[in-house]
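Record features (TrEMBL):
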- A:88-288: domain 'Cytochrome c assembly protein' (DOMAIN)
- A:6-26: transmembrane segment (TRANSMEM)
- A:59-81: transmembrane segment (TRANSMEM)
- A:93-109: transmembrane segment (TRANSMEM)
- A:121-139: transmembrane segment (TRANSMEM)
- A:151-178: transmembrane segment (TRANSMEM)
- A:198-221: transmembrane segment (TRANSMEM)
- A:233-251: transmembrane segment (TRANSMEM)
- A:263-287: transmembrane segment (TRANSMEM)
Amino acid sequence: MLAQYSDLLFMAAVGVYVLAMVLHAAEFAVARSAKPVLVGAGGPDTVERPARGERYARMAVSLTVLGAALHTASIVARGIAAQRWPLGNMYEFTSAICLAAVVGWLVMLRRSPVTRAVGPFVLLPVVVLLFLAGTVLYAQAAPVVPALQSYWLVIHVTTITISSGLLLVPGVASVLFLVRGAGWLTDRLPSSDVLDRLAYRVTIIAFPLFTFAVIAGAIWAEAAWGRFWGWDPKETVAFVSWVIYAAYLHARATAGWRATRAAWINVAGFATVLFNLFFINMVVAGLHSYAGLG
Amino acid sequence: MVTDTPVRATPARTPPPGWTALRNAWRSLTSMRTALVLLFLLALAAMPGALLPQRSLNQRLVDQYFTDYPTLAPLLDRVGAFDVFAAPWFAAIYLLLMTSLIGCVLPRTFDDARALRARPVATPRNLARLPHHGGGTVDAGLDDAAARVRGRLRGWRVAEREEGAGRTLSAEKGYSREVGNLVFHLSLVGLLIGFAAGKLFGYEGQVIVPAGGGEFCNTGILGYDSFRAGTLVDGTDLAPFCVRVDDFTATYLPTGQPDRYDAALGYQTGADLDAGRADEWRSFPLSVNNPLRTDGARVYLLGNGYAPIFTVTFPNGDVRTGDVQWRPVDQATLLSEGATKFEPPGVTDDEQRRTGQLAVTGLLAPTTSGGDVVTSVFPDLRDPEVAIDVLRGDLGLDDGRGQSIFEVDAAQVESGELVRVARENLVPGQSVTLDDGTEIRFDGVRRWVNLQISHDPGQVWVLVFAVTMLAGLAASLGVRRRRFWARLTPSDQPGRTVVELGGLARTDRAGYGEEFDRLRADLLEPDVVKDP
Ligand code: HEM
């Protein structure tokens, strides 16, 4: 019963996100057609948008907030329905990653409104992932196997989820940085500097959290599997992601690597996170095969 | 890691060329660029470990890979692609990286320690040129204004200097960033050493113990079914403790998904045994996320399964019971297979013995489907049934080759030395009688558990360093190293002071602005300033 509500809320959230994207797109279109009258050399944040475009953009953001609220409710309902922490299979896991990405994005937007034009590009992968979660990955709400019955599930998987979700934002910002660097969408996107800073700021929060999550995983593995680290495929790819994000941070402090190359590294980092989530869960068998895809 | 190598005093004499080359090699090894390249290499080198089957995880999948790719596999094998994390090239990368890291971080630490003792740098002439700046006139005399600035800069390292008729204050904050960075990188080294120590001095063994009183004592390698040890472990001084599996219960959801595994364990520590308390047992509830920790070792509940109990009554009236474990072939239903082997009793003649050995092999369903073809429909022990072949003849136990406890030697069957003499489905209590009058009865099923015993003296250090690493990381990413300057000059109007402010973030571009703006507001906007 509650599980059905959870599913309905999930679908509603996806619908609202899609609508928010449509409004963002409408804003783009309006701003585009109105472009000739606009003045301003300092990038889109200093360009006066026509009131209509501005209204669309605000509505898009409000809808994103609404979507996040529905999304949260869906996850909570799922947890109550299954009577456990709602991170027990890939459907739940992917859904929560997307929520973390959206919420992380909204928080950044609040702190730095000039990044608003990044919104649709955060929503796009979120909607795609949620679509996959709701279709291919979907699993009934059910209890989890003995190895997962531990408070470490809450600690490890929640932090992994939040950090993976947060890392989506720098991933998107870095892609946009590269897109902009290639000369596309330069009139629509925030300046390179803003994008670069967005990527960096979120990464330095998500990376320590990811580190914590991996350590928590190791502590759990020591209790559940008999060793804290065994180069299981999921552990190995987590290690690879970790090393790549470490390289990103180092690149940001190395002359000649700061901007474009750092952005590439960040994109590569997020690619390995996605790879770990999908490929390793679905193709490579390992101890982490709790995906519920049976 | 250093961005720009500080230039040290060049030696007066021209150094020998070999020395220069060495120093250059060291410099480039410890440069940030090299560290970056090594990080990429490390990430890249680890990937095959996730994509190709690894011997350390699953030998069977490696063998399968050899069958599937007969030309490619040997090539990959030659470069260690199936043992990535033990490969010399993998070790070379991380050892170089660690060296680079130490060579990079230590000199920088000395520089920082020096900087920590130095006074914050003098105020630049033109503060308006700094990325963050501001200015104004405040209603306060020079001393009051200076006191106000100092008061607002609590927690900063501040140096005050006279400058003409006025005064300057230079302040710096965020030294813990460098400390954090150092702690982070050194922790990585510590972590690696702890990891290596665990691999050298640790061991890991598995053993199957029957539930309902089966015992295992950690006295030597031979007691284990499988044993993996570090290079520096010879197995002669394992911590001698004993465990006894008093009971094992598995609970399942109606779908057959396991819900809980619990083993009631009794154990005796090495100290108990030394003190001669060999008949007292401490109890411990062993379960999947709850290993027993004793004598520097950990005991895990890794798996479980069933052992059918067969009683053989030989024609001469002798009775033998066998309850060796069978292995699950289907994890979802615990359908199991195995071979329970019997020697004819009281036979001294070798030839006779070799033709009279018995093996009961086949399938065991803990919850049978019923019908002629026995399969299991549920993993719990509800309604067991076995489908067995009884083989008689020479099991081949004496030919010196080790033999699997789960199956009979197929070569003996092929050569006709082992012949099938019966095939039956039995439920507990039922029996089958052979042509020579031997009766084989299926009495019931006993559970067994698979225990793993691990010892890793390095892991506590790995944990300690992981925690310090995380703390260091948080400090080095969360703390901003920043400078702040104020130049105070007496205004033309008496009792007022002209204040110029400047700020510079030393480490990254993100996020000094807001803090600076608050400082500026507090110092320049009179209504915001609370009088000290
Ligand atoms: C060395 C230890 C561990 C590491 C490095 C590690 C790493 C990771 C990483 C990186 C993820 C997220 C990957 C992704 O994006 O899909 C993850 C997810 C997960 N981990 Fe771990 N983990 C460890 C131990 C454990 C243990 C001991 C358990 C449970 C017994 C566990 C259960 C899970 C679950 C349930 C998920 C999410 C669900 C899923 O991937 O389908 N992990 N882990």
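Numbering starts at 1 and runs along the chain as it is shown here.
Yeah, the Cβs are placed from backbone N, Cα and C, and that goes for glycine too.
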Under 8 Å Cβ-Cβ from the transmembrane segment (A:93-109), and at least six residues away from its ends along the same chain, one finds 10, 17, 61, 64-65, 67-68, 71-72, 74-75, 86-87, 115-116, 118-119, 122-123, 125-126, 129-130, 132-133, 137, 157-158, 161-166, 168-169, 198, 201-202, 206, 277
For the transmembrane segment (A:263-287), out of A:6-26, A:59-81, A:121-139, A:198-221, most C-beta pairs under 8 A are with A:198-221
Outside the transmembrane segment (A:121-139), at least 6 residues beyond either end, the same-chain residues with a Cβ under 8 Å of its Cβ set are 10-11, 13-14, 17-18, 20-21, 24, 64, 89-92, 94-95, 97-98, 101-102, 105, 168-169, 172, 175-176, 291-293
Counting only residues at least 6 beyond its ends, the same-chain positions whose CB falls under 8 A of a CB in the transmembrane segment (A:151-178) are 85, 87-88, 93, 96-105, 108, 115, 118, 121-122, 125-126, 144, 185, 189, 192, 195-196, 198-200, 202-203, 205-207, 209-210, 212-214, 216-217, 219-220, 223-224, 245, 259-260, 262-264, 266-267, 269-271, 273, 277
